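Notes follow once the structure below has been shown.
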């Protein structure tokens, strides 16, 4: 808010200007075209808003007529409201800033801090929560943290809001770091805190830290509410430990439909489709009415074990038996069910008959199945449909390129690469995260920054030697280049999952499963390597990729060959 020379008519407004004169000035500015200038609109909004609190609504009406409000105008409204009887309305204008091309500045921060002070005078706990939570929910945790740090006193509600904000936007490490700081500060931890902490552990796949958190809950006798219990079930399920997830599930005094649905989803994600359906039957016998979320898990359970007819029956029962109208996610699961089972034409037929427009994930199921079942024509169609919906979806380009590469159509591979380049699309770098002794380690494709990289690289050479002795031949289809096989194998050696597996074997006891969370789908070569390593080194490897779990043990995988 640098110093601005006021328009002479706008300068007539002051704290004593009656509303009638405000309207007259407004009319004059409209007639002479002054308010065609967004910057002058900002000046006028500020003058009206600050002249009298009774004029705030009118100032807002003026602002609403501006096609492109300036930061100056929005900051002025935040400033005016922070001193009003309703300081919480300052956040309405802050949200407008976040949802525009504008960026908050120091004035924005200072005025919002004043608004928080005004709110805190009346309802400290709830309003401080709204100080921080509103910012976090808008996705601006950096700004929320700045507000949080400027608070003279931070009560448990403020700490919980900040930790929750980090967890909600996926900044899990920051959530856990803040939780540890909360403990050092001696702030009382409650069930709300632990829900956010457990959610952060779930996102990272940090099972050891999750176990520690669960023990902390028990040691400190924190009441396990239905929501906290459901979060614990979700933690263990999404870290691949379904035995522990179900121990928690059966031990809960109270369960709701979301608790049951979390357990069902855990079985489905981990490839235990039959157990998912058994639990669903038990849920209905127990008198718990399934909801839309439940049926997503049930349909996924049918899909992972190829129970097409049963899946179709459950889909039909949503509307016929429970009065639930299937939504896009349910149709997506149905398409995946048919596609995985090789019924590709039926899967496409479902998409064509859907009562809503499909999203890219629906066509992605067809694309992956087309590659699995060597249907080039349908694979090309599916990838093109995906790119119509998401022009920068790197996965569709990569999969289409792989389909062409597998048929040795290098001309079309080149076309795909050129298309990616011209549209500015880059392949998302692979990242694998794993936890060793409570510490989270990240591995990126081609990255050498890990402190033990030299040891990992050396050990991977030994793993590669033993793989070749066991008959390993690299699946080079994921490599998008027309280069010789040796070069392709070198490119595959850089995949993040392989570095994580090598580090896991080096660092974990033989009876401890190697748990990895990956941001991309497992490629064919990494899938083959993981199966072979599980047998050669007698290690259990559990990988959670962006779609599902893969449990590798004794040379086999829970995905039954479809990943």
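Cβ coordinates are placed from backbone N, Cα and C, and glycine is handled just like the others.
Quick look at what TrEMBL lists:
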| type | residues | note |
| --- | --- | --- |
| DOMAIN | 471-563 | domain 'DYW' |
| REPEAT | 70-104 | repeat 'PPR' |
| REPEAT | 155-189 | repeat 'PPR' |
| REPEAT | 256-290 | repeat 'PPR' |
Over the repeat 'PPR' (70-104), what does the predicted model average in pLDDT? 86
By Cβ distance under 8 Å, which residues at least 6 away from the ends of the repeat 'PPR' (256-290) in the same chain are close to it? 226, 229-230, 233-234, 236-238, 240, 242, 245-246, 249, 296-298, 300-305, 307, 310, 322, 324, 544, 548-551, 558-560
Which numbers of helix, strand and coil residues does DSSP report for the repeat 'PPR' (155-189)? 26 helix, 0 strand, 9 coil
